[in-house]
Amino acid sequence: MSGFYHKHFLKLLDFTPAELNSLLQLAAKLKADKKSGKEEAKLTGKNIALIFEKDSTRTRCSFEVAAYDQGARVTYLGPSGSQIGHKESIKDTARVLGRMYDGIQYRGYGQEIVETLAEYAGVPVWNGLTNEFHPTQLLADLLTMQEHLPGKAFNEMTLVYAGDARNNMGNSMLEAAALTGLDLRLVAPQACWPEAALVTECRALAQQNGGNITLTEDVAKGVEGADFIYTDVWVSMGEAKEKWAERIALLRDYQVNSKMMQLTGNPEVKFLHCLPAFHDDQTTLGKKMAEEFGLHGGMEVTDEVFESAASIVFDQAENRMHTIKAVMVATLSK
């Protein structure tokens with residue numbers, strides 16, 4: 001794909017609005033081609049390394065299925081399957097894998113790790129998730145939003161993110177809003193707002209593209225008129241138990257529930273979540289949350305909203321694969 005060949009995909013602000021739109025158009029085409037049985041393999045003979053320092057269901061499956069659909073082969077290197085950063089430096093790992101593979105995906109910790117891989121690998125490197133950014137997720141989100149509001153441009157859409165906005169999702173949403181001109185509202189306690197420098201940079205770019213970025217603690221004001229309400233988990237299994245109580249107390253008022261959906265005043269508002277979601281007590285962590293904190297029926301989102309007609313989370317999950325495929329095709333095929 002012109003302009004993308006051999007480029008890295010590390011964070012959204014590395015691209016222009018036009019380039020982001022091109023990736024979304026390619027993803028939509030690849031999705032349509034797959035469903036119609038007309039998909040053409042562009043990556044036959046390519047070898048792809050998937051480095052996972054953090055486990056994942058959606059990211060791994062998306063990369064593997066996308067690669068297989070396009071004729072490529074993959075090697076999965078899980079948390080215990082490589083020496084990256086332990087017995088071998090990131091720099092050396094990059095130079096070794098770059099000699100063997102045509103592309104490298106990294107999902108793990110600091111953004112500096114994926115940046116170092118990109119600097120030394122000599123082949124395209126894709127960010128499957130770092131502590132700071134989650135760009136492939138936002139590609140899927142944007143495609144999903146386009147599909148559900150086909151008559152609107154991004155700068156005519158309002159996206160609300162409710163909850164802990166200081167994480168990789170909050171940062172990547174800021175970057176997405178900067179490039180698309182979304183009306184993005186981060187509805188969260190001030191302690192959970194992203195770094196001010198990134199907010200300032202992205203707000204200026206968003207305004208140039210016809211949008212705006214708002215940070216507020218006021219739920220009613222923040223969600224008014226929203227087209228989409230998005231949230232993410234409040235706690236992770238690896239976090240200390242003491243953190244759970246602190247985080248839940250901080251975020252309890254920002255749970256996505258039927259009241260919040262009604263406060264939008266938009267009967268067509270849709271619910272988004274990058275998954276996994278703790279919307280019931282059918283998981284180990286969900287059960288612990290229910291027992292410890294009385295969070296029966298959901299944590300960051302209620303089961304009622306998650307299972308409602310407004311929920312489009314599984315469209316999002318499917319679109320992870322189509323958008324990741326677009327990134328690989330764009331960067332590995334001429």
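Heads up, the Cβ atoms here are built off N, Cα and C, so glycines get one too.
Listed features, source Swiss-Prot:
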BINDING   Ser56, Thr57, Arg58, Thr59, Gln83, Arg107, His134, Pro135, Thr136, Gln137, Cys274, Leu275, Arg320  carbamoyl phosphate binding site
BINDING   Asn168, Asp232, Ser236, Met237  L-ornithine binding site
Long-range Cβ environment of Asn168 (L-ornithine binding site), under 8 Å and at least 6 residues apart: Leu129, Thr130, Asn131, Glu132, Phe133, His134
Inter-residue Cα distance where the pair is Cys274 (carbamoyl phosphate binding site) and Asp232 (L-ornithine binding site), in Å: 6
Least Cβ-crowded entry, counting other Cβ within 10 Å, from the binding-site residues listed as Ser56, Thr136, Ser236: Ser236
Cβ-Cβ distance under 8 Å to Arg320 (carbamoyl phosphate binding site), same chain, at least six residues away: Arg58, Thr59, Ser62, Thr136, Gln137, Ala140
Binding-site residues compared (Arg58, His134) - the one with the fewest other Cβ atoms within 10 Å: Arg58
Cys274 (carbamoyl phosphate binding site) CB neighbourhood, other CB atoms within 10 A: 23
Rounded to the nearest Å - Cα separation of Ser56 (carbamoyl phosphate binding site) and Ser236 (L-ornithine binding site): 13
Where Arg320 (carbamoyl phosphate binding site) sits in the secondary structure, as DSSP reduces it to three classes: helix
Distance [Cα-Cα, Å, rounded] between Ser236 (L-ornithine binding site) and Cys274 (carbamoyl phosphate binding site): 14
C-beta crowding around Asp232 (L-ornithine binding site), within 10 angstroms: 23
